[in-house]
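Annotated features, as they stand in TrEMBL:
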DOMAIN    2-128  domain 'Nudix hydrolase'
BINDING   23, 28, 34, 35, 36, 37, 119  8-oxo-dGTP binding site
BINDING   37, 57  Mg(2+) binding site
Ligand SMILES: Nc1nc2c([nH]c(=O)n2[C@H]2C[C@H](O)[C@@H](COP(=O)(O)OP(=O)(O)OP(=O)(O)O)O2)c(=O)[nH]1
Ligand SMILES: [Mg+2]
């Protein structure tokens, strides 16, 4: 049986730009670009998990998140439940706290990046 992971994912918006981070090579789906986020721990809401993860991963102070969409995806070696929120209310400057590359990308250029398979629907929603 493959494990199921509940992930809080943030589509962080600053005007027309969205924040992307590059997944470290050694992780699941490594080398691909992602929307920052991470596993929801026991007792946390998705929003609480996302606020914690965004501080840990990219050093942003987030005040509020807004549910956007949910995606279930089976990678074969891992099943993920992506609980995706919009993040528009934050302060600070984005920095890759774990040494990962982070980049603000214009919406129109997002399709040029290599994302995990599950992210297709997120891209469509951002561009809709
Ligand atoms: N943060 C994030 N994760 C994504 C996206 N798309 C996508 O399929 N995922 C998957 C990749 C991972 O399997 C999982 C994210 O979990 P994570 O970042 O907490 O897990 P991890 O690989 O760092 O840690 P581990 O489970 O290997 O211990 O969700 C995305 O846009 N953002
Ligand atoms: Mg993570």
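Cβ from N, Cα, C; glycine included.
Using a 10 Å radius centred on the Cβ of residue 57 (Mg(2+) binding site) and all shown protein chains, the other Cβ atoms total 21. When the binding-site residues 23, 34, 37, 57 are checked against ligand 1, 34, 37 have a Cβ within less than 6 Å of one of its atoms. Of the recorded residues, residue 37 (8-oxo-dGTP binding site) and residue 57 (Mg(2+) binding site) place their C-alpha atoms 8 Å from one another. Listed in sequence order, 29, 30, 31, 32, 33, 34, 100, 116 are the same-chain residues at least 6 apart in sequence whose CB falls under 8 Å from the CB of residue 23 (8-oxo-dGTP binding site). Its Cβ placed at the centre, residue 119 (8-oxo-dGTP binding site) has 23 other Cβ atoms within 10 Å.
Its Cβ taken as reference, residue 37 (8-oxo-dGTP binding site) is surrounded by 25 other Cβ atoms within 10 Å in the chains shown. For the recorded site, residue 36 (8-oxo-dGTP binding site), the DSSP three-state label reads coil.
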